[in-house]
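A.B. asks: Grabbed the feature section from TrEMBL, which reads as follows:
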DOMAIN    40-207  domain 'Phosphoadenosine phosphosulphate reductase'
BINDING   Cys119, Cys120, Cys202, Cys205  [4Fe-4S] cluster binding site
ACT_SITE  Cys228  active site, nucleophile
Amino acid sequence: MTTATDELKDLAERASAELADASAAEALAWTAETFGDNYIVASNMQDAVLLDLAVKAKPNFDVLFLETGYHFPETIGLRDAVAATYSGLNIINAKPDKTVAEQDAEEGPNLFERDPNRCCAMRKVVPLRRTLANYDAWVTGVRRVDAPTRAGTPIVQWDDRNGLVKINPIAPWTDEEFRAYIDEHGILENLLVAEGYLSIGCAPCTAKVELGADPRSGRWAGQNKIECGLHG
Ligand code: SF4
(Lines of atoms letter the chains of each structure in order from A and count residues from 1; the text may use other names and numbers.)
(Lines give C-alpha, C1' and ligand atoms only; values in the text may rest on other atoms or scores of the structure.)
Protein backbone atom coordinates (compact mmCIF):
# COMPACT_ATOMS: atom_id res chain seq x y z
CA MET A 1 0.00 0.00 0.00
CA THR A 2 1.34 3.42 -0.93
CA THR A 3 1.20 5.91 1.92
CA ALA A 4 1.21 9.69 1.79
CA THR A 5 4.77 9.55 3.12
CA ASP A 6 5.84 7.24 0.28
CA GLU A 7 4.31 9.63 -2.25
CA LEU A 8 6.10 12.60 -0.71
CA LYS A 9 9.35 10.67 -0.71
CA ASP A 10 8.93 9.81 -4.41
CA LEU A 11 8.17 13.44 -5.13
CA ALA A 12 11.35 14.54 -3.32
CA GLU A 13 13.48 12.03 -5.17
CA ARG A 14 12.13 13.06 -8.59
CA ALA A 15 12.49 16.76 -7.77
CA SER A 16 16.00 16.24 -6.45
CA ALA A 17 17.06 15.12 -9.93
CA GLU A 18 14.93 17.60 -11.88
CA LEU A 19 15.92 20.62 -9.78
CA ALA A 20 19.56 19.67 -9.20
CA ASP A 21 20.75 22.81 -10.99
CA ALA A 22 17.77 25.07 -10.25
CA SER A 23 18.27 28.67 -9.20
CA ALA A 24 16.95 29.76 -5.81
CA ALA A 25 14.03 31.49 -7.52
CA GLU A 26 13.16 28.34 -9.50
CA ALA A 27 13.36 26.13 -6.41
CA LEU A 28 11.14 28.46 -4.43
CA ALA A 29 8.63 28.81 -7.27
CA TRP A 30 8.44 25.00 -7.45
CA THR A 31 7.95 24.86 -3.67
CA ALA A 32 5.08 27.35 -3.71
CA GLU A 33 3.42 25.69 -6.70
CA THR A 34 3.80 22.16 -5.34
CA PHE A 35 2.95 22.67 -1.68
CA GLY A 36 0.64 25.71 -1.62
CA ASP A 37 0.32 26.67 2.07
CA ASN A 38 1.72 23.36 3.27
CA TYR A 39 5.35 24.38 3.72
CA ILE A 40 7.34 26.40 6.24
CA VAL A 41 10.51 28.43 5.78
CA ALA A 42 13.07 28.24 8.59
CA SER A 43 15.03 31.28 9.72
CA ASN A 44 17.56 31.75 12.52
CA MET A 45 17.16 35.50 12.07
CA GLN A 46 20.77 36.13 11.16
CA ASP A 47 19.50 37.82 8.00
CA ALA A 48 16.40 37.89 5.80
CA VAL A 49 17.98 36.64 2.56
CA LEU A 50 16.01 33.39 2.32
CA LEU A 51 12.77 35.06 3.42
CA ASP A 52 13.18 37.83 0.84
CA LEU A 53 13.74 35.27 -1.91
CA ALA A 54 10.77 33.22 -0.74
CA VAL A 55 8.45 36.24 -0.63
CA LYS A 56 9.18 36.80 -4.32
CA ALA A 57 7.79 33.34 -5.05
CA LYS A 58 4.79 33.66 -2.69
CA PRO A 59 4.08 36.65 -0.44
CA ASN A 60 2.49 34.76 2.43
CA PHE A 61 3.80 31.66 4.17
CA ASP A 62 4.71 30.33 7.61
CA VAL A 63 8.16 31.05 9.03
CA LEU A 64 9.79 28.80 11.61
CA PHE A 65 11.81 30.52 14.31
CA LEU A 66 13.18 28.32 17.09
CA GLU A 67 12.58 30.50 20.14
CA THR A 68 15.05 28.76 22.44
CA GLY A 69 14.88 31.39 25.17
CA TYR A 70 18.60 32.03 24.77
CA HIS A 71 18.67 34.44 21.82
CA PHE A 72 20.55 37.72 21.64
CA PRO A 73 18.29 40.81 21.82
CA GLU A 74 19.54 41.64 18.31
CA THR A 75 18.16 38.34 17.00
CA ILE A 76 14.75 39.00 18.52
CA GLY A 77 15.01 42.51 17.09
CA LEU A 78 15.55 41.15 13.59
CA ARG A 79 12.61 38.77 13.97
CA ASP A 80 10.39 41.72 14.86
CA ALA A 81 11.79 43.84 12.02
CA VAL A 82 11.12 40.99 9.56
CA ALA A 83 7.52 40.75 10.79
CA ALA A 84 7.06 44.50 10.30
CA THR A 85 8.69 44.52 6.84
CA TYR A 86 7.14 41.42 5.27
CA SER A 87 3.49 41.67 6.28
CA GLY A 88 2.43 38.38 4.68
CA LEU A 89 4.66 36.25 6.88
CA ASN A 90 3.25 34.23 9.75
CA ILE A 91 6.16 33.78 12.16
CA ILE A 92 5.80 30.69 14.31
CA ASN A 93 7.90 30.87 17.47
CA ALA A 94 8.55 27.21 18.20
CA LYS A 95 9.29 26.93 21.91
CA PRO A 96 10.72 24.13 24.06
CA ASP A 97 8.55 22.36 26.62
CA LYS A 98 10.39 24.09 29.45
CA THR A 99 11.39 27.69 29.96
CA VAL A 100 15.06 28.36 30.70
CA ALA A 101 14.15 28.77 34.39
CA GLU A 102 12.30 25.43 34.45
CA GLN A 103 15.17 23.70 32.70
CA ASP A 104 17.66 25.20 35.15
CA ALA A 105 15.54 24.02 38.09
CA GLU A 106 15.33 20.46 36.77
CA GLU A 107 18.71 20.00 35.12
CA GLY A 108 20.86 22.47 37.02
CA PRO A 109 22.01 25.80 35.60
CA ASN A 110 23.89 26.22 32.34
CA LEU A 111 23.13 22.85 30.79
CA PHE A 112 24.56 24.29 27.56
CA GLU A 113 28.02 24.13 29.16
CA ARG A 114 27.75 20.64 30.63
CA ASP A 115 25.77 18.87 27.92
CA PRO A 116 25.11 21.07 24.87
CA ASN A 117 23.76 18.12 22.88
CA ARG A 118 21.03 17.55 25.45
CA CYS A 119 20.32 21.28 25.63
CA CYS A 120 20.03 21.52 21.82
CA ALA A 121 17.84 18.41 21.73
CA MET A 122 15.37 19.91 24.20
CA ARG A 123 15.43 23.50 23.01
CA LYS A 124 15.85 23.04 19.24
CA VAL A 125 15.39 19.53 17.90
CA VAL A 126 12.16 18.62 19.71
CA PRO A 127 10.38 21.93 18.92
CA LEU A 128 11.58 21.66 15.31
CA ARG A 129 10.17 18.16 14.87
CA ARG A 130 6.91 19.05 16.56
CA THR A 131 6.44 22.01 14.22
CA LEU A 132 7.53 20.22 11.04
CA ALA A 133 4.95 17.48 11.71
CA ASN A 134 2.32 19.99 10.50
CA TYR A 135 3.80 20.37 7.00
CA ASP A 136 4.77 18.41 3.88
CA ALA A 137 7.91 20.47 3.21
CA TRP A 138 10.34 22.87 4.81
CA VAL A 139 12.75 25.36 3.30
CA THR A 140 16.15 26.06 4.81
CA GLY A 141 19.04 28.45 4.26
CA VAL A 142 21.67 25.71 4.45
CA ARG A 143 24.61 26.35 2.11
CA ARG A 144 27.32 23.94 1.02
CA VAL A 145 30.06 26.32 2.12
CA ASP A 146 28.72 26.47 5.68
CA ALA A 147 30.65 23.38 6.79
CA PRO A 148 32.24 20.22 5.34
CA THR A 149 29.24 18.27 6.63
CA ARG A 150 27.02 20.36 4.34
CA ALA A 151 29.17 20.14 1.19
CA GLY A 152 26.83 17.67 -0.50
CA THR A 153 23.57 19.47 0.27
CA PRO A 154 21.14 19.11 -2.68
CA ILE A 155 18.53 21.68 -3.70
CA VAL A 156 15.71 19.23 -2.90
CA GLN A 157 15.94 16.15 -0.69
CA TRP A 158 13.88 13.79 1.39
CA ASP A 159 14.33 14.56 5.10
CA ASP A 160 14.13 11.07 6.50
CA ARG A 161 14.58 12.14 10.10
CA ASN A 162 11.58 14.46 10.07
CA GLY A 163 9.52 12.74 7.35
CA LEU A 164 9.00 15.58 4.90
CA VAL A 165 10.52 17.22 1.82
CA LYS A 166 13.43 19.59 2.48
CA ILE A 167 14.29 22.37 0.04
CA ASN A 168 17.64 24.18 0.25
CA PRO A 169 17.30 26.89 -2.43
CA ILE A 170 20.59 28.66 -1.73
CA ALA A 171 22.67 25.52 -1.17
CA PRO A 172 25.13 26.37 -4.01
CA TRP A 173 25.59 30.04 -3.08
CA THR A 174 29.09 31.20 -2.20
CA ASP A 175 29.74 33.70 0.58
CA GLU A 176 30.34 36.36 -2.11
CA GLU A 177 26.99 35.70 -3.82
CA PHE A 178 25.26 35.78 -0.45
CA ARG A 179 26.83 39.10 0.53
CA ALA A 180 26.08 40.58 -2.90
CA TYR A 181 22.36 39.73 -2.50
CA ILE A 182 22.28 41.51 0.87
CA ASP A 183 24.00 44.59 -0.50
CA GLU A 184 22.11 44.81 -3.80
CA HIS A 185 18.66 44.32 -2.26
CA GLY A 186 19.15 46.11 1.08
CA ILE A 187 18.27 42.97 3.01
CA LEU A 188 17.68 43.14 6.77
CA GLU A 189 20.54 41.66 8.73
CA ASN A 190 21.23 40.96 12.40
CA LEU A 191 23.19 43.89 13.85
CA LEU A 192 25.66 41.45 15.39
CA VAL A 193 27.06 40.49 11.98
CA ALA A 194 28.75 43.88 11.66
CA GLU A 195 30.33 43.25 15.07
CA GLY A 196 32.00 40.04 13.89
CA TYR A 197 29.38 37.43 14.81
CA LEU A 198 29.31 35.55 11.51
CA SER A 199 27.23 32.52 12.50
CA ILE A 200 24.60 33.43 15.06
CA GLY A 201 22.83 30.98 17.33
CA CYS A 202 21.97 31.09 21.03
CA ALA A 203 23.89 33.76 22.95
CA PRO A 204 25.73 31.43 25.37
CA CYS A 205 27.04 29.31 22.47
CA THR A 206 27.98 32.05 19.98
CA ALA A 207 31.24 33.98 19.92
CA LYS A 208 32.79 36.56 17.62
CA VAL A 209 34.88 35.13 14.81
CA GLU A 210 38.47 36.20 14.14
CA LEU A 211 39.04 37.93 10.80
CA GLY A 212 39.45 35.27 8.08
CA ALA A 213 38.47 32.37 10.35
CA ASP A 214 35.73 29.83 9.59
CA PRO A 215 32.43 31.62 10.40
CA ARG A 216 31.13 28.57 12.28
CA SER A 217 34.20 28.54 14.54
CA GLY A 218 32.25 30.92 16.76
CA ARG A 219 29.60 28.30 17.49
CA TRP A 220 30.12 26.15 20.62
CA ALA A 221 33.74 27.39 20.73
CA GLY A 222 35.83 25.11 22.94
CA GLN A 223 33.19 22.36 22.87
CA ASN A 224 33.39 19.22 20.78
CA LYS A 225 30.31 20.21 18.79
CA ILE A 226 29.70 21.78 15.38
CA GLU A 227 25.98 21.22 14.67
CA CYS A 228 22.71 21.65 16.60
CA GLY A 229 21.30 18.43 15.18
CA LEU A 230 18.78 20.24 12.98
CA HIS A 231 20.28 19.41 9.59
CA GLY A 232 21.89 16.04 9.67
FE1 SF4 B 1 21.36 25.21 24.37
FE2 SF4 B 1 23.49 26.36 23.25
FE3 SF4 B 1 22.05 24.53 21.88
FE4 SF4 B 1 21.05 26.96 22.38
S5 SF4 B 1 22.83 26.45 21.06
S6 SF4 B 1 19.97 25.07 22.59
S7 SF4 B 1 21.87 27.38 24.47
S8 SF4 B 1 23.31 24.21 23.74
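Indices start at 1 and increase along the chain as displayed.
Using the three backbone atoms N, Cα and C, a Cβ is placed for every residue, glycine included.
Note: TrEMBL annotation is automatic and uncurated.
Surface or core, plus neighbours and distances: that's what I need for these features.
C.D. replies: Note on Cys119 ([4Fe-4S] cluster binding site): other Cβ atoms within 10 Å of its Cβ, all shown chains, come to 23.
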A.B. asks: Does anything in the same chain, at least 6 positions from Cys202 ([4Fe-4S] cluster binding site), have a Cβ under 8 Å from its Cβ, and if so what?
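C.D. replies: Once residues fewer than 6 apart are set aside, Cys202 ([4Fe-4S] cluster binding site) is near Thr68, Tyr70, His71, Phe112, Arg123.
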A.B. asks: Determine the minimum-neighbour residue: among Cys120, Cys205, listed as binding-site residues, which Cβ has the fewest other Cβ atoms within 10 angstroms?
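C.D. replies: If we count Cβ atoms within 10 Å for the binding-site residues Cys120, Cys205, the smallest count is at Cys205.
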A.B. asks: Once the DSSP letters are reduced so that anything not helix or strand counts as coil, what is Cys120 ([4Fe-4S] cluster binding site)?
C.D. replies: helix
A.B. asks: Calculate the per-residue pLDDT averaged over the domain 'Phosphoadenosine phosphosulphate reductase' (40-207) and state the result as an integer.
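C.D. replies: PLDDT averaged over the stretch: 97.
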